[in-house]
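Data first, discussion second: the structure below is written as C-alpha coordinates.
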Amino acid sequence: MAGCMHNETQHRYPGRFITLEGGEGVGKSTNLAMVCEFLEARGVEVIKTREPGGTSRSEAIRHLLLDPSEEEPLCDDAELLLVFAARAQHLDRKIRPALARGAWVVCDRFTDATFAYQGGGRGIDASRIERLETFVQQGLQPDLTLLLDMPVDAAQQRVIQRGIERDRFEREHAAFFDAVRHAYLKRASEAPDRFVIIDASRALADVQADIRNCLDTRLASWS
Ligand SMILES: Nc1ncnc2c1ncn2[C@@H]1O[C@H](COP(=O)(O)OP(=O)(O)OP(=O)(O)O)[C@@H](O)[C@H]1O
Ligand SMILES: Cc1cn([C@H]2C[C@H](O)[C@@H](COP(=O)(O)O)O2)c(=O)[nH]c1=O
(Lines of atoms letter the chains of each structure in order from A and count residues from 1; the text may use other names and numbers.)
(Lines give C-alpha, C1' and ligand atoms only; values in the text may rest on other atoms or scores of the structure.)
(Ligands and ions follow the chains in the order given, each with its own letter.)
Protein backbone atom coordinates (compact mmCIF):
# COMPACT_ATOMS: atom_id res chain seq x y z
CA MET A 1 0.00 0.00 0.00
CA ALA A 2 1.28 3.45 -0.91
CA GLY A 3 1.11 5.36 2.49
CA CYS A 4 2.76 8.69 3.35
CA MET A 5 6.18 9.32 4.87
CA HIS A 6 7.50 11.70 7.50
CA ASN A 7 11.02 12.50 8.70
CA GLU A 8 12.60 10.57 5.83
CA THR A 9 11.51 7.28 7.44
CA GLN A 10 8.43 5.73 5.93
CA HIS A 11 5.36 6.19 8.17
CA ARG A 12 2.19 4.58 6.90
CA TYR A 13 -0.64 6.89 7.81
CA PRO A 14 -3.97 5.10 7.97
CA GLY A 15 -5.68 8.01 6.13
CA ARG A 16 -5.46 8.86 2.43
CA PHE A 17 -4.47 12.14 0.83
CA ILE A 18 -6.27 13.21 -2.36
CA THR A 19 -5.60 16.47 -4.20
CA LEU A 20 -7.41 18.29 -7.00
CA GLU A 21 -5.32 20.38 -9.35
CA GLY A 22 -5.68 22.48 -12.47
CA GLY A 23 -5.74 26.05 -13.72
CA GLU A 24 -8.25 28.77 -12.85
CA GLY A 25 -11.92 27.94 -13.44
CA VAL A 26 -11.50 24.29 -14.47
CA GLY A 27 -13.98 23.16 -11.78
CA LYS A 28 -11.80 22.16 -8.81
CA SER A 29 -14.08 23.58 -6.09
CA THR A 30 -17.21 22.17 -7.76
CA ASN A 31 -15.73 18.69 -8.00
CA LEU A 32 -14.01 18.79 -4.61
CA ALA A 33 -17.45 18.97 -3.01
CA MET A 34 -18.58 15.96 -5.03
CA VAL A 35 -15.46 13.94 -4.11
CA CYS A 36 -16.06 14.63 -0.40
CA GLU A 37 -19.72 13.60 -0.63
CA PHE A 38 -18.75 10.45 -2.56
CA LEU A 39 -16.26 9.39 0.12
CA GLU A 40 -18.52 10.31 3.05
CA ALA A 41 -21.27 8.15 1.53
CA ARG A 42 -18.79 5.25 1.83
CA GLY A 43 -18.27 5.88 5.53
CA VAL A 44 -14.95 7.70 5.29
CA GLU A 45 -14.15 10.61 7.64
CA VAL A 46 -13.24 13.38 5.20
CA ILE A 47 -11.35 16.60 5.85
CA LYS A 48 -12.01 19.08 3.05
CA THR A 49 -9.34 21.74 2.78
CA ARG A 50 -7.45 23.98 0.35
CA GLU A 51 -4.12 25.61 -0.42
CA PRO A 52 -2.88 28.15 0.11
CA GLY A 53 -4.89 28.11 3.33
CA GLY A 54 -6.62 25.46 5.41
CA THR A 55 -5.75 26.86 8.88
CA SER A 56 -6.29 30.37 10.17
CA ARG A 57 -2.61 31.36 9.89
CA SER A 58 -2.31 29.73 6.46
CA GLU A 59 -5.45 31.57 5.35
CA ALA A 60 -3.79 34.82 6.48
CA ILE A 61 -0.86 33.96 4.18
CA ARG A 62 -3.37 33.19 1.41
CA HIS A 63 -4.74 36.69 1.82
CA LEU A 64 -1.23 38.14 1.31
CA LEU A 65 -0.69 35.99 -1.78
CA LEU A 66 -4.01 36.76 -3.47
CA ASP A 67 -4.25 40.46 -2.59
CA PRO A 68 -4.29 42.25 -5.98
CA SER A 69 -3.03 45.57 -4.55
CA GLU A 70 -0.08 46.85 -6.59
CA GLU A 71 1.26 49.18 -3.91
CA GLU A 72 4.19 46.86 -3.12
CA PRO A 73 4.61 44.12 -5.76
CA LEU A 74 5.37 40.70 -4.30
CA CYS A 75 8.65 39.33 -5.65
CA ASP A 76 8.68 35.79 -7.03
CA ASP A 77 10.90 34.37 -4.28
CA ALA A 78 8.70 35.84 -1.54
CA GLU A 79 5.67 34.33 -3.29
CA LEU A 80 7.35 30.91 -3.38
CA LEU A 81 8.38 31.04 0.27
CA LEU A 82 4.94 32.23 1.40
CA VAL A 83 3.31 29.31 -0.42
CA PHE A 84 5.59 26.87 1.43
CA ALA A 85 5.21 28.67 4.78
CA ALA A 86 1.43 28.29 4.48
CA ARG A 87 1.93 24.63 3.52
CA ALA A 88 4.23 23.86 6.46
CA GLN A 89 1.61 25.21 8.87
CA HIS A 90 -1.22 23.41 7.07
CA LEU A 91 0.66 20.10 7.16
CA ASP A 92 1.58 20.43 10.82
CA ARG A 93 -1.77 21.63 12.16
CA LYS A 94 -4.26 19.91 9.91
CA ILE A 95 -3.11 17.45 7.24
CA ARG A 96 -0.72 15.19 9.16
CA PRO A 97 -2.93 14.95 12.30
CA ALA A 98 -5.95 14.06 10.15
CA LEU A 99 -4.07 11.38 8.17
CA ALA A 100 -2.60 9.99 11.38
CA ARG A 101 -6.03 9.43 12.95
CA GLY A 102 -7.30 7.72 9.78
CA ALA A 103 -9.25 10.59 8.19
CA TRP A 104 -8.97 11.19 4.46
CA VAL A 105 -7.78 14.63 3.41
CA VAL A 106 -9.20 16.08 0.19
CA CYS A 107 -7.32 19.23 -0.72
CA ASP A 108 -8.00 21.88 -3.39
CA ARG A 109 -4.44 22.32 -4.73
CA PHE A 110 -1.11 21.29 -3.15
CA THR A 111 2.54 21.31 -4.25
CA ASP A 112 1.82 20.47 -7.89
CA ALA A 113 0.32 23.97 -8.01
CA THR A 114 3.68 25.37 -6.90
CA PHE A 115 5.46 23.57 -9.75
CA ALA A 116 2.76 24.87 -12.13
CA TYR A 117 2.39 28.50 -10.96
CA GLN A 118 5.75 29.41 -9.42
CA GLY A 119 7.66 27.00 -11.69
CA GLY A 120 5.78 27.19 -15.01
CA GLY A 121 4.11 30.57 -14.57
CA ARG A 122 6.86 32.57 -12.81
CA GLY A 123 9.78 30.62 -14.28
CA ILE A 124 11.40 29.56 -10.98
CA ASP A 125 13.73 26.63 -11.49
CA ALA A 126 12.13 23.29 -10.56
CA SER A 127 15.22 22.26 -8.57
CA ARG A 128 14.66 25.16 -6.13
CA ILE A 129 11.04 24.13 -5.66
CA GLU A 130 12.08 20.50 -5.17
CA ARG A 131 14.43 21.52 -2.32
CA LEU A 132 11.58 23.27 -0.51
CA GLU A 133 9.25 20.35 -1.21
CA THR A 134 11.69 17.96 0.44
CA PHE A 135 12.30 20.31 3.38
CA VAL A 136 8.61 20.93 4.11
CA GLN A 137 7.00 17.62 3.16
CA GLN A 138 9.75 15.19 4.22
CA GLY A 139 8.52 12.55 1.82
CA LEU A 140 4.79 13.06 2.16
CA GLN A 141 3.01 13.07 -1.22
CA PRO A 142 -0.67 12.79 -2.17
CA ASP A 143 -1.90 9.24 -2.78
CA LEU A 144 -4.00 10.44 -5.71
CA THR A 145 -4.07 13.69 -7.70
CA LEU A 146 -6.98 14.49 -10.01
CA LEU A 147 -5.73 16.96 -12.62
CA LEU A 148 -8.66 18.79 -14.21
CA ASP A 149 -7.38 19.84 -17.59
CA MET A 150 -8.94 22.01 -20.30
CA PRO A 151 -7.93 24.78 -22.71
CA VAL A 152 -7.12 28.04 -20.96
CA ASP A 153 -9.49 30.29 -22.91
CA ALA A 154 -12.55 28.12 -22.19
CA ALA A 155 -11.65 28.02 -18.47
CA GLN A 156 -11.22 31.81 -18.52
CA GLN A 157 -14.79 32.12 -19.85
CA ARG A 158 -16.02 30.19 -16.81
CA VAL A 159 -14.09 32.53 -14.49
CA ILE A 160 -15.61 35.56 -16.23
CA GLN A 161 -19.12 34.09 -16.03
CA ARG A 162 -18.64 33.29 -12.33
CA GLY A 163 -18.32 37.06 -11.91
CA ILE A 164 -16.25 37.30 -8.67
CA GLU A 165 -13.55 40.00 -8.48
CA ARG A 166 -10.27 38.62 -9.84
CA ASP A 167 -7.41 37.94 -7.41
CA ARG A 168 -3.69 38.59 -8.01
CA PHE A 169 -3.18 35.33 -9.94
CA GLU A 170 -6.42 35.55 -11.91
CA ARG A 171 -5.22 38.90 -13.30
CA GLU A 172 -2.26 37.24 -15.04
CA HIS A 173 -2.08 37.10 -18.85
CA ALA A 174 -2.94 34.15 -21.11
CA ALA A 175 0.72 33.16 -21.63
CA PHE A 176 1.10 32.71 -17.86
CA PHE A 177 -1.87 30.32 -17.77
CA ASP A 178 -0.63 28.42 -20.82
CA ALA A 179 2.68 27.91 -19.00
CA VAL A 180 0.79 26.78 -15.88
CA ARG A 181 -1.19 24.23 -17.89
CA HIS A 182 1.94 22.95 -19.63
CA ALA A 183 3.77 22.57 -16.29
CA TYR A 184 0.84 20.64 -14.79
CA LEU A 185 0.79 18.22 -17.73
CA LYS A 186 4.56 17.76 -17.49
CA ARG A 187 4.28 17.04 -13.78
CA ALA A 188 1.51 14.49 -14.46
CA SER A 189 3.66 12.74 -17.04
CA GLU A 190 6.44 12.42 -14.44
CA ALA A 191 4.18 10.70 -11.86
CA PRO A 192 1.65 8.67 -13.88
CA ASP A 193 0.73 6.38 -10.95
CA ARG A 194 -0.33 9.30 -8.77
CA PHE A 195 -2.03 11.50 -11.37
CA VAL A 196 -5.29 10.96 -13.22
CA ILE A 197 -5.96 13.54 -15.93
CA ILE A 198 -9.64 14.43 -16.31
CA ASP A 199 -10.91 16.25 -19.41
CA ALA A 200 -12.66 19.11 -17.60
CA SER A 201 -13.97 20.80 -20.75
CA ARG A 202 -17.00 18.47 -20.91
CA ALA A 203 -20.41 18.78 -19.30
CA LEU A 204 -20.23 18.55 -15.50
CA ALA A 205 -22.14 15.24 -15.43
CA ASP A 206 -19.50 13.61 -17.67
CA VAL A 207 -16.61 15.05 -15.67
CA GLN A 208 -18.13 13.78 -12.44
CA ALA A 209 -18.85 10.32 -13.87
CA ASP A 210 -15.14 10.02 -14.74
CA ILE A 211 -14.11 11.12 -11.27
CA ARG A 212 -16.47 8.63 -9.60
CA ASN A 213 -15.08 5.80 -11.76
CA CYS A 214 -11.57 6.79 -10.87
CA LEU A 215 -12.39 6.86 -7.14
CA ASP A 216 -14.12 3.47 -7.33
CA THR A 217 -11.00 1.99 -8.93
CA ARG A 218 -8.67 3.51 -6.34
CA LEU A 219 -10.84 2.55 -3.40
CA ALA A 220 -10.88 -1.04 -4.62
CA SER A 221 -7.09 -1.09 -5.00
CA TRP A 222 -6.54 0.46 -1.54
CA SER A 223 -8.86 -1.87 0.37
N1 LIG B 1 -17.97 20.98 -16.34
C2 LIG B 1 -18.43 22.23 -16.22
N3 LIG B 1 -19.12 22.80 -17.20
C4 LIG B 1 -19.56 24.08 -17.12
N5 LIG B 1 -19.34 24.88 -16.06
C6 LIG B 1 -18.65 24.37 -15.04
C7 LIG B 1 -18.15 23.03 -15.05
N8 LIG B 1 -17.48 22.81 -13.89
C9 LIG B 1 -17.56 23.96 -13.18
N10 LIG B 1 -18.26 24.89 -13.85
C11 LIG B 1 -18.53 26.29 -13.45
O12 LIG B 1 -17.33 27.00 -13.75
C13 LIG B 1 -17.07 27.96 -12.73
C14 LIG B 1 -15.69 27.65 -12.13
O15 LIG B 1 -15.79 26.46 -11.38
P16 LIG B 1 -15.02 26.29 -10.00
O17 LIG B 1 -15.19 27.51 -9.16
O18 LIG B 1 -15.41 24.98 -9.42
O19 LIG B 1 -13.53 26.22 -10.57
P20 LIG B 1 -12.15 26.28 -9.81
O21 LIG B 1 -11.23 25.43 -10.61
O22 LIG B 1 -12.32 25.94 -8.38
O23 LIG B 1 -11.78 27.82 -9.98
P24 LIG B 1 -10.61 28.65 -9.23
O25 LIG B 1 -9.33 28.03 -9.65
O26 LIG B 1 -10.76 30.04 -9.79
O27 LIG B 1 -10.87 28.56 -7.76
C28 LIG B 1 -18.21 27.87 -11.72
O29 LIG B 1 -19.15 28.86 -12.05
C30 LIG B 1 -18.77 26.47 -11.96
O31 LIG B 1 -20.15 26.39 -11.66
C1 LIG C 1 -1.31 26.06 -3.76
C2 LIG C 1 -0.84 27.15 -4.68
C3 LIG C 1 -1.74 28.05 -5.21
N4 LIG C 1 -1.30 29.02 -6.03
C5 LIG C 1 -2.27 29.98 -6.59
C6 LIG C 1 -3.18 29.38 -7.62
C7 LIG C 1 -4.46 30.15 -7.49
O8 LIG C 1 -4.42 31.24 -8.39
C9 LIG C 1 -4.43 30.68 -6.07
C10 LIG C 1 -5.40 29.97 -5.17
O11 LIG C 1 -6.70 30.30 -5.49
P12 LIG C 1 -7.80 29.23 -6.00
O13 LIG C 1 -9.04 29.68 -5.32
O14 LIG C 1 -7.40 27.87 -5.61
O15 LIG C 1 -7.86 29.36 -7.48
O16 LIG C 1 -3.12 30.43 -5.57
C17 LIG C 1 0.03 29.14 -6.33
O18 LIG C 1 0.42 30.06 -7.07
N19 LIG C 1 0.92 28.24 -5.82
C20 LIG C 1 0.53 27.25 -5.00
O21 LIG C 1 1.37 26.43 -4.54
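Placement of Cβ uses the backbone N, Cα and C atoms for every residue, glycine included.
Annotated features, as they stand in TrEMBL:
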type	residues	note
BINDING	Gly22, Gly23, Glu24, Gly25, Val26, Gly27, Lys28, Ser29	ATP binding site
DOMAIN	20-211	domain 'Thymidylate kinase-like'
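Within 8 Å of the centroid of the Cβ atoms of Gly22, Gly23, Glu24, Gly25, Val26, Gly27, Lys28, Ser29, where the record puts ATP, the same chain has further Cβ atoms from Leu148, Ala155, Arg158, Ala200. Note on the domain 'Thymidylate kinase-like' (20-211): its mean pLDDT in the predicted model is 97. Neighbour counts of Cβ atoms within 10 Å were compared for the binding-site residues Gly22, Gly25, and the top value is held by Gly22.
Within the same chain, residues at least six positions away from Glu24 (ATP binding site) with a Cβ under 8 Å of its Cβ are Ala155, Gln156, Val159, Phe169, Glu170, Phe177. The Cβ of Ser29 has fewer other Cβ atoms within 10 Å than any other of the binding-site residues Gly23, Val26, Ser29. The Cβ of Lys28 (ATP binding site) lies under 8 Å from the Cβ of Leu20, Glu21, Gly22, Asp108, Arg109, Leu148, each of which sits 6+ residues away along the same chain. A 10 Å cutoff on Cβ-Cβ distances gives Gly27 (ATP binding site) a total of 21 other Cβ atoms nearby, all chains included. Ser29 (ATP binding site) carries a helical DSSP state (H, G or I).
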